[in-house]
Amino acid sequence: MCTRKYFLSKKATIVAGVDEVGCGSLVGAVVASAVLMLYPDQEQLFSGLIDSKALSNKKRLRFCNYIQKYSLHWSIGMVNVTEIDQLNIFQARLLSIKRAICNLSMIPDLVLIDGKHAPSLNKNILYQCFVKGDSRIPVISAASIIAKVTRDQAMMMLHTQYPKYGFHRNKGYATVFHLKQLDLYGPTIYHRKTFAPVKYMLSMC
């Protein structure tokens with residue numbers, strides 16, 4: 001657990017939490033967010049936050065506005081569909097995290113990353129990975145919320161271009177409805193060609 005003692009041992013005054021969303025989607029970018037906070041503020045301001053996936057859309061948006069207002073800085077890192085297909089989803093995830101960290105306005109004393117793996121970072125950047133960190137560490141929860149809201153908004157915009165696929169609801173994930181529409185109409189240019197259902201569909205053309 002990421003306790004007060006842990007932060008003090010790292011002499012971490014300014015911390016950043018990082019999380020990403022969209023790895024399992026068939027459509028669109030992988031989006032990561034990094035949120036920069038003073039360590040004491042992380043506990044005081046963000047202690048009630050939970051993983052973005054456990055929140056309603058309304059609460060998630062309200063928390064997102066709150067985080068953007070009270071954090072020292074926040075950033076986004078995106079990896080687009082072309083890059084995902086050129087790399088793989090594992091490397092795309094790491095790249096989105098790296099871009100989010102690099103887009104921060106300053107180097108934190110400590111970066112807290114959700115999951116088991118971290119990208120290669122500047123040697124001056126101290127980091128620690130935490131499995132299920134988005135539900136254990138407030139500043140990572142904050143990052144997960146901003147990443148989720150950012151990606152959901154992008155998928156809503158994509159829905160206006162391609163309304164047949166239900167992106168406003170499924171956010172590009174492989175729901176029964178999405179797969180049915182994919183079978184009827186084929187993939188869009190924003191579908192990930194290397195992902196199994198899309199790859200299979202393209203092989204049938």
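Placement of Cβ uses the backbone N, Cα and C atoms for every residue, glycine included.
Feature annotations, reproduced from Swiss-Prot:
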- 13-205: domain 'RNase H type-2' (DOMAIN)
- Asp19, Glu20, Asp114: divalent metal cation binding site (BINDING)
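Excluding the listed site residues Asp19, Glu20, Asp114, the same chain places Val18, Val21, Ala32, Ser33, Ile97, Ile113, Gly115, Gly133, Asp134, Ile140, Ala143, Ser144, Ala147 with Cβ atoms within 8 Å of the centre of the divalent metal cation site Cβ atoms. Under DSSP, Asp114 (divalent metal cation binding site) is assigned to a strand (E or B) in the three-state scheme. It is Asp114, among the binding-site residues Asp19, Glu20, Asp114, whose Cβ has the fewest other Cβ atoms within 10 Å in the structure shown. Look at Asp19 (divalent metal cation binding site): DSSP puts it in a strand.
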